[in-house]
Each structure stands twice: as C-alpha cells, then as structure tokens.
Amino acid sequence: MICQKFCVVLLHWEFICVITAFNLSYPITPWRFKLSCMPPNSTYDYFLLPAGLSKNTSNLNGHYETAVEFNSSDTHFSNLSKTTFHCCFRSEQDRNCSLCADNIEGKTFVSTVNSSVFQQMGANWNIQCWLKGDLKLFICYVESLFKNPFKNYKHKVHLLYVLPEVLEDSPLVPQKGSFQMVHCNCSVHERCECLVPVPTAKLNDTLLMCLKITSGGVIFQSPLMSVQPINMVKPDPPLGLRMEITDDGNLKISWSSPPLVPFPLQYEVKYSENSTTVIREADKIVSATSLLVDGILPGSSYEVQVRGKRLDGPGIWSDWSTPHVFTTQDVIYFPPKILTSVGSNVSFHCIYKNENKIVSSKKIVWWMNLAEKIPQSQYDVVSDHVSKVTFFNLNETKPRGKFTYDAVYCCNEHECHHRYAELYVIDVNINISCETDGHLTKMTCRWSTNTIQSLAGSTLQLRYRRSSLYCFDIPSIHPISKPKDCYLQSDGFYECVFQPIFLLSGYTMWIRINHPLGSLDSPPTCVLPDSVVKPLPPSSVKAEIIKNIGLLKISWEKPVFPENNLQFQIRYGLSGKEIQWKMYDVYDAKSKSVSLPVPDFCAVYAVQVRCKRSDGLGLWSNWSNPAYTVVMDIKVPMRGPEFWRIINGDTMKKEKNVTLLWKPLMKNESLCSVQRYVINHHTSCNGTWSEDVGNHTKFTFLWTEQAHTVTVLAINSIGASVANFNLTFSWPMSKVNIVQSLSAYPLNSSCVILSWILSPSDYKLMYFIIEWKNLNEDGEIKWLRISSSVKKYYIHDHFIPIEKYQFSLYPIFMEGVGKPKIINSFAQDNTEKHQNDAGLYVIVPVIISSSILLLGTLLILHQRMKKLFWEDVPNPKNCSWAQGLNFQKPETFEHLFIKHTASVTCGPLLLEPETISEDISVDTSWKNKDEMVPTTVVSLLSTTDLEKGSVCISDQFNSVNFSEAEGTEVTCEDESQRQPFVKYATLISNSKPSETDEEQGLINSSVTKCFSSKNSPLKDSFSNSSWEIEAQAFFILSDQRPNIILPHLTFSEGLDELLRLEGNFPEENNDEKSIYYLGVTSIKKRESGVLLTDKSRVLCPFPAPCLFTDIRVLQDSCSHFVENNFNLGTSSKKTFASYMPQFQTCSTQTHKIMENKMCDLTV
C-alpha cells in the first residue's frame, strides 16, 4: 500500500514538472515576436528606447513592425567582465518582456556575456514561425534588426527542439541531451531560416524549441518556446485567379484553394478599378472562393490580388497571389455566349460605350448576324445603360461554314461595334432505347448523336437515377444522379450496360451535354426493365411438308423467360439468295406448332420464328435460326410424261424400230420426284409386259405386231402415276389421212405460224403432234403436243430465214397414229415477202433515223426563224408611226411611208458616238425680223467642243435679220481642220397650232457642220426642203465620203437611206465616252412619246419624270455639257426632253432609277 501511494506521488510530481516546464515556455504566436537581450540593472523601457536608438520598420513578409535602430556615434562602450544579460520574448502587442530569469540553473535559460559592448544596450531579433503549406516543415525566420551592434560580425543560429515523445520521464526543465539541433541557413541580409521536420501525425502536438545565436564571439540562448504546428499553418497563395463577367452583368473574381490544406480557409481580396469616370479600391474578406463586384463599366481596368488564412482558429495569412489584371471592352455583353436547346427562351444584356460615353439603353438596337433586325417588341430597358433582348422558342442553329453559332449584335442606333455575342442553339432530343436480355440479368441501352449538332469541346454522358419501384407518370431530371459509361459501337451508336438490374425499378435516364459554356440535358425517359424484355428466340424450330396433305408444318419450343404469355410470329418463304418472306402470327400462347398451305409442295422452304409478350410490352425476340424443309414425295405423280416416237426402218417391212422420247416430269407433276420410268406394252395379240428404264428419257423397242400400244409410267417413293398417256402404233391407222393442207408462215426469226385444214373423219381425234426440224442440220427432231381443237399454232423457236425446215403434223386417234402431213418449205408468198423484208431490216432503220434527224433540224431552224422574225425584228404595231393604222387594209401599206403628221419619237440606230461640234441653220425666214432665236435653242447651237478644239461662232444669232435667213449661215471655225466622226444629228419639233410663224421659221433654218463650208457636201442639201413642218427632221452626215450627197427625201425615205448608209462608216475608237442626245418637242407631245430600247427591240413609254420641266441627269454623266448648254438660271419653262442613249435599257425600273441615281437640275 505504501509502495502504491509512493508511485502515485511520483507520477503526480512528474506530471506537475512537465506542466510547469510547458508553462514556463513562451507560446509562439501566429504573428511576429521579438527576442531581446539586455544588460543588468536596466529597465525595459530604457532598453527598448535608449539614447541614440530610434524606431524603424522591418518586415519578414511585407508588413512594417516596430524595431530598434542603433546610432553608433552617440553610444560608448566600456569593458565589462562576466556580465550577465537577460534574454526574453515580447510580442508586437505586449511591450513588456516575458520569461526572464537570472539563475543559470534556475527555471529558465539565461545568456552569459563577457563583453564590453552591452554596457548600456542589448541585442534584438525579430522571429516569426509557421508551418509550411505542404504540412511537412515547420519554419522559423530569425532576422537581426537594423543597426545591430554585431551586424558586422558573422553570426550563427541554431534551433534546438524536442518532440513530445522524447519528454517521457523528463525533469522540470528538459535536459540538454533531449534536444535536437538544426542549423539555420543565414543570408547576407542577416536573415536566417530554420527548418524543423514535423511528422504529419504530430501536427496537433506541442513542440518545444529554443534558439542559440552566436555573434561576434558572444553566445545568446533564448528561453523555451512552445507551439502547436497545426495552429501555425501558412497556406500557399490561392491559385487560378481569374475574372469574368457574369450573366447578371457583375464582375466575378474567382480562384482555387491551395492544395493539401486540412481545414477551410478565409480569403482577403483587394482590388482596384480604374476607368475614365471612376477610380476606386476595395478590400474584402470572404469565406468562398469567389467574389462578385457590381457596377461594372465598359472600358475599365481591374487589378486583383488574393491571400488566404485558416477560417476557424489561429493561423497565418498566406502571401499575396500574383496580381491579375482584367480589362472590359467598350461593348459588354452578358452573358457573352449562351448555349441552349431548341424551344427555349434566352436573353442577352448589353452596355455600349461610344467615345468615352455610355450610350443610353433606349438608343440601343439589336441585330442578328447583321442581316436581320430584331423587333423592338423583344427589347427591355433594364436601366439607363443596360439593354436587354429576349429570344423566344428558339430554333436550331444552322452551321454556316466554320461558324456554328448566331452572332447577336448590340448597336448604337445605326452604328454597330465589331464585337458580338454568340448564341448556340442545338437540338438535344436524343432517343434512348433499352432492352432487357432474355435471361433477365442485364439491360442494354443505346443512343445515337447523329441527330444533333456536335459542338467542338463538348462531351456527352448518360446519367440516370433509379427509383425504388416503377416509373413516375412524368419523368423528370433529378438533381442527384449517377453517370454511366457508354462505349461507341461500329454502327455509330453508344451502348451502355446495366448489370445487375432490378426488374421492377424505374430507371430515369437522360443524356447530358457538357460544354465550357454550360450543360444541356436531353428530355428524360423512364425505363422499367421488366417492360423492355427481349425474349430469347424460340428453340427447336422444325419445318416439314406433311405427306398426302401437302401442308407446311412448323413447330417450336417456347423460351424459359419471361414467364408471361407470349405471342409468336412466323415467316417462311422459298429458300434462295433473296427470300420473299410471308408472315403469319400466332396469338395462342399455348400453341407450339402450326400448319400452313403452300403453293409448291416440292420446294425447299426456309422458316423462322420469333416471340414477344402478348400484353404488348417488351420487344420482339430475334428470329430463330432458319429451319428448312426436305423435299419428299408426298403423293404419287399426278400423271405420266408426255412422249413421242421416232420410227426407223424399211417402210415396206413389218418390223420397225420405234424410239420413244419423253420429257422429264416437273416437280409439281411428280410430287415431288421420279425415281424411275416404266413402259407398259400391249399388243394386238393380247401380249402385255413392262420394262423398267430407270431415269432415262429415251427407249427403243421393236414394233412387229399389227397394233402395239405403249404407256409410260412415272414412279416415285409412294407409287406410280395414275393418269398416263397412251400411244398406239397401228398399220391400218398409219394410212388414215385427214389433214388436207398444212402451211407454215414465218413471222420473224423466233416465231412461225402453222395452220392446217382437216377433212371429216369417223375416227375420234385425240390430239395433234407437231414435229419440225432443220433440213440443213442433223439436229434432233423437236415436237409439241397440242389440242385437237386447234387449227393454227404459233411455234416459238430460233429460225434462220435462209435455212430450210420440215414441218410435220400427226393426227393422233384412239386407234393409233394417223398419216402425217409434211411440208419442207414456208408458204411461197410469204417466202418472197420474207426475202423482200430482208432489205427492210436495213432500209427501215435508215429511213427512221433520217426522219428523226430531219425533224430535229426543222425544229431548230423553226426556233431560229421564229427568233429572227418575232424577236429580232420588232413588231411594227409597237412603233409610234404605226399607232392607229389598220394593217388589215391593203391601202395602209400604200400610204405607209408617204406622209407622217406625227412627230417621230425615236431616232435611227446610233453607231459609236463621239463628242461633236455642230451648228443648225434655219431655212425658213422669220415673220418678225426683230425677233430673236430662243435662248434655249441658241445655247444648244453654240456648244463649244473642248475636246476637238472647235468653236462655233454664234454671235450672228443675236444680230441677224431672220427675214433674210435664206442666205445666212452660221460659220464655224475648226482649228484641227480634220473631219469629225459624227454620223448625224437630230432636230425634231412639234409646234402647237398657236405658235407663231417666227417659231416655225426657226425649224426651217439651215444647218451647217463645224468644218469649212467649202469642204462640206451637205451645205446645200437641205435648201429646198419639202418636209412637213410638223415632222421635220435633219440628218447630217460627216464628210467621210465627199462623193455621197444625201438627196432631198421624204421622212420615211430619208430614214431608210440613212440606215443603209450608216453601216458604211468605218469603226471608230472604242473608248467609252459620255454621250448626250436631245430631242426638241412640245411637252404635251413628249409625255405620250416612246423610247426605243436595245434589248426588247420594241418601243416603250418614255418616263414622264425625264421631261426637261424637271431635268434629271445620271450622276455619273453630269458634266460641262449640262453646265454649258442649259441656262438653269432662267425661270422660263423648258420644253426640251432628254433623249436617253439607245444603248441603255428602258424597263419598268426606269422611274426608280431616275428617283435614286439622277441629279436634280430643276430650276
């Protein structure tokens, strides 16, 4: 008892000693603390801030902390021997020193210093310890403060530590031998790193440590330190820092936790925003691995850093992550990309910044692919600067080349930025089909992706959830599901196997499409394994033809599983490469056989059987292996073979050799085979015998009796044929002749008509035998048996027209074979016809081919002539001069070209034109000599030809007395003195009845070309014009041929002559030049005018907007011609109408062209 009490006391004492040792140690804090060693009889305040020391900042990890600096100029030392200094710890929060003692052998470690440098000051070190993020090393950093007295001396630092398992039976203070020492790695900056390996299993235990520092020959030893490594973990910085704009328009900052951290972390996020309008900074602490920043603006820059620390309990902040910068675009779409399924509704948001100014959401419009403007009914104004567009019931996106999405553009009214949002719409309607095997042990599901659009980077996965019993009425996707591995098969389907299975559990499954833009699920389907059973095919399938009945009997055995009632389906058909199957259903679950009628008893039939649940659930099984019938004789042959004979021997003798010939029986006649043939003989002397000839089809015997009857029987495994043919050979009957005539008519090389005429007879005719052979060949005789009622027969065989054939007709009586009728050639008339027809075989195809060729040629010529007369040649009824004329009257053509009272609205065909210089002279005098030529006409007549260098002198128009105009002509100076390439010019006038004679006189003025008058052959051509004033027209040809003088012609004659002469001019330069044609006419007349087009070759109405009352000229044709020749400053109404070049097309679009592409010159 005393011993036990003593042991208990010792145990309590040891425990108290250990606890005391731990209590005397300094608990290391997660933040930095300081080791201070000071001289004796000095207060802590004096030590902390002596004379010549000041505060400075130093930091191991970036923070600035209070430190002591030493100024050597203000401090003096004296030599001291055996001076004891106290070392203690103090934290940043507590300025008082802790755990100091002056007894070397006492309760704490003290440092003894024999030096004169610590008379009035001590030494200081910053210490910070933590457990590395990988939880393997405990690290302590020791950093000497700036201006340390021994900073110029090399110093060494050692860390002594003891693990908890070594402290067994330890005294109050651990002995020196129980500590382990590690050497600390010191850098040139007086910063030392001490690494203590800590087992993972001891992270929650307490670790005792102390520091031993040697510097300048002085040894410093710190008091004990205690720490739990798990409370000093310093995680690694967060990884994968990234930023993105969310679907709600916020900036999402996200990152990943560092690995190997055994507890959750909290995070500190600091970010700054820099934009043209806002600059802000923020610092937030969150427990999640993401942070949302609202109020994002386009064209802004964000810089973010993150660090982590233990969420619950003590810990050390990690280092800051690498800064990450994110810049927003001028146009922000959120979300920037959307992946959705067919039939869904999605929305895009947009913020638009234009020239450092955010556009109002009311001014934003949306476009699809820059080709289709989205209706405003789909817009929503979220805020002043955020616009929203919604798409309803989307259709599948059709790929356009490499683009598999639709581009959605957010635009500032009519200005669109090049950035766009992407809309992916795919059809996720994937059909999943499942079947349970016949052993009810596994369920196989198959599905294909051929029906959906494949997106790059997408993966497909089948997911399912099993319910405890049956399926719900409406399957739905459960948030908790399991994936199933599926493998691609050679047929393009994916196949997944569920094994084991629960027959009555509902398996809800769907296909999940995983993509970086999101996930889509196909419509779910629920499968009950018991409802998709595919039974094993029926076994022991047999097929046979029943004897004497001829039915196809099929039998089978029902599979073991499932135990439900089954229905069966049979298919059968004639065996061959391609079997034409016939189907037969058996609904009686107890049936195991069935008999079916077949048309051919002697054919080989292939039979297969399959089964399915009779309640409609499940699937059809596979077809069983085919079973085949065996051809067997089911009955005796229906009849014997047809046969004929060949008689050889002297016709004068009584004995002849008769060879019987017959054709083998078909299967449908022999039912189903013939093993042998038997010939029965019966003679007139009542002699009867049989001969077995086996399978031969020829037999010869000797005919010696007056009458000899033979019968050929067919015998199979069941018996001999019942109905047989008899043939009697009789000498008397061989002389009976009832065939009067026999004729053969060849139709072609494969058919000959044989006809005959019979005479009356007392014998009963049974049938005929037709026999024929080629006389030029030693071939076998061919024969046919035909009915006795036939008088004409078509023989189908290969006949050569130049060969000779023998045809024989034998009448067969009951008493015997009659006398035959034999012919050796075809009928004479038909022979000649056939010989004539031989040439037709060559002539007729030639005639037919020639006729077809001639017909095709006529059709082509007809089309060309039709085009020539009806398309290339214009319809005269569409011409203006033909309006109101009746071409049905003969007198119309007599006066057609004599007189025209209406103005001509279209000129002759123009050749390649060139800018010209010309004058127009008047042949008829003015009534009023004082009147002047109208200004508009003068301006046209005085056109300056800048290109040719020719100037028309038109001053005479302002001074000449037009009463004397007949002897007056406008002169023109041509500097180049070369002949112009102008073919003609046109002047047309339709004066109103109220117009004065002076205006009409102008029309009769003479016309002079812009070249020397002495070289002009046309000077006097129009002096005595006899044209009507209402339809006067002048055609002025350039002086290309001096010998050609245009005579005075009527209008129609002049037009024809001009067209004839026009083709004689040489081709000119092909360079394109602007050309202008003017016609002078009244507005009233011109509005009803017509214009000739070069394509249609007909006259079409001249557009009213082309009247010079509202002058419109094509923009690319506006030139100095209009500026020089039209006095647009006058207010008088213009009476000129533009004559469009005939090389352009007059169409229904003329008005639109005039409105859109012509420059308005209206005064």
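If you go along the chain as it appears here, the first residue is 1 and each next one adds 1.
Using the three backbone atoms N, Cα and C, a Cβ is placed for every residue, glycine included.
Positions annotated as signal peptide by Swiss-Prot, on the basis of sequence analysis: 1-21.
Predicted-model confidence for the topological domain 'Extracellular' (22-837) is 84, expressed as mean pLDDT. Residues or ranges marked as topological domain 'Extracellular' in Swiss-Prot: 22-837.
Here Swiss-Prot flags Asn23 (among others) as N-linked glycosylation site.
For Cys37-Cys88 (among others), the entry in Swiss-Prot reads disulfide bond, with the evidence type similarity to another entry. Take the CB of Cys37 (disulfide bond) and look out to 10 A: across all protein chains shown you find 24 other CB atoms.
Look at Swiss-Prot and you will find Asn41 (among others) tagged as N-linked glycosylation site.
Marked as N-linked glycosylation site by Swiss-Prot: Asn79 (among others).
The feature disulfide bond is assigned by Swiss-Prot to Cys87-Cys97 (among others). DSSP classifies Cys87 (disulfide bond) as strand under the three-state reduction.
Residues or ranges marked as N-linked glycosylation site in Swiss-Prot: Asn114 (among others).
Sequence annotations record features per position, and here Swiss-Prot assigns disulfide bond to Cys129-Cys140 (among others). With a cut-off of 8 Å between CB atoms and residues at least 6 apart in sequence, the same chain places Ile28, Phe138, Ile139, Cys140, Tyr141, Val227, Met232 near Cys129 (disulfide bond), listed in sequence order. Look at Cys129 (disulfide bond): DSSP puts it in a strand.
Summarising the annotation, Swiss-Prot assigns disulfide bond to Cys184-Cys194 (among others) and lists similarity to another entry as the type of evidence. DSSP gives Cys184 (disulfide bond) a coil state; it is part of no helix or strand. Around the Cβ of Cys184 (disulfide bond), the same chain contributes Cys140, Val142, Lys156, Val157, His158, Leu159, Cys192, Glu193, Cys194, each under 8 angstroms and 6 or more positions distant in sequence.
Here Swiss-Prot flags Asn185 (among others) as N-linked glycosylation site, drawing on sequence analysis. Residues within less than 8 Å, Cβ to Cβ, of Asn185 (N-linked glycosylation site) and separated from it by at least 6 positions along the same chain comprise Cys192, Glu193, Cys194.
Residues near Asn204 (N-linked glycosylation site) in space but far in sequence (CB under 8 A, at least 6 apart, same chain), listed by position: Gln228, Pro229, Ile230. Per Swiss-Prot, the feature N-linked glycosylation site maps to Asn204 (among others); the stated evidence is sequence analysis.
Taken from Swiss-Prot, the feature N-linked glycosylation site covers Asn345 (among others), and the record attributes it to sequence analysis. A coil conformation is recorded for Asn345 (N-linked glycosylation site) in the three-state DSSP classification, outside any helix or strand.
Residues or ranges marked as disulfide bond in Swiss-Prot: Cys350-Cys410 (among others). Here Cys410 (disulfide bond) comes close to Val331, Tyr333, Phe348, Cys350, Tyr352, Ile364, Trp366, Ser387, Val389, Cys416, His417, Tyr420, Ala421: these same-chain residues lie at least six apart in sequence, with C-beta atoms under 8 angstroms from its C-beta.
Secondary structure at Cys411 (disulfide bond), as computed by DSSP, is strand. Listed in sequence order, Tyr352, Ile364, Val365, Trp366, Trp367, His417 are the same-chain residues at least 6 apart in sequence whose CB falls under 8 Å from the CB of Cys411 (disulfide bond). Taken from Swiss-Prot, the feature disulfide bond covers Cys411-Cys416 (among others), and the record attributes it to similarity to another entry.
There are 12 other CB atoms within 10 A of the CB of Asn431 (N-linked glycosylation site), with all protein chains counted. According to Swiss-Prot, the N-linked glycosylation site annotation covers Asn431 (among others).
Counting residues per DSSP class in helix, strand and coil order gives 0 helix, 0 strand, 5 coil for the motif 'WSXWS motif' (620-624). Annotated pair Cys471 (disulfide bond) and Cys37 (disulfide bond), C-alpha to C-alpha distance, rounded: 80 Å. Cβ atoms under 8 Å from those of the motif 'WSXWS motif' (620-624) belong to residues 438, 534-539, 541, 556, 559, 569, 571, 608-612 of the same chain, restricted to positions at least 6 beyond its ends. Under the three-state DSSP scheme, Cys416 (disulfide bond) falls in the strand class. For Asn345 (N-linked glycosylation site), the nearest of the recorded positions by C-alpha distance turns out to be Asn431; the candidates were Asn431, Cys445, Cys486, Asn657. For the recorded positions Cys88, Cys434, Cys445, Asn657, Asn668, a Cα-Cα cutoff of 10 angstroms around Cys496 (disulfide bond) retains Cys434, Cys445.
Among the recorded positions Cys434, Asn657, Asn686, Asn748, the residue whose Cα lies closest in space to that of Cys526 (disulfide bond) is Cys434. Around the Cβ of Cys526 (disulfide bond), the number of neighbouring Cβ atoms within 10 Å comes to 20. In the three-state DSSP scheme, Asn668 (N-linked glycosylation site) falls into the helix class. For the disulfide-bonded residues shown (Cys87, Cys194, Cys416), fewest C-beta neighbours within 10 angstroms: Cys416.
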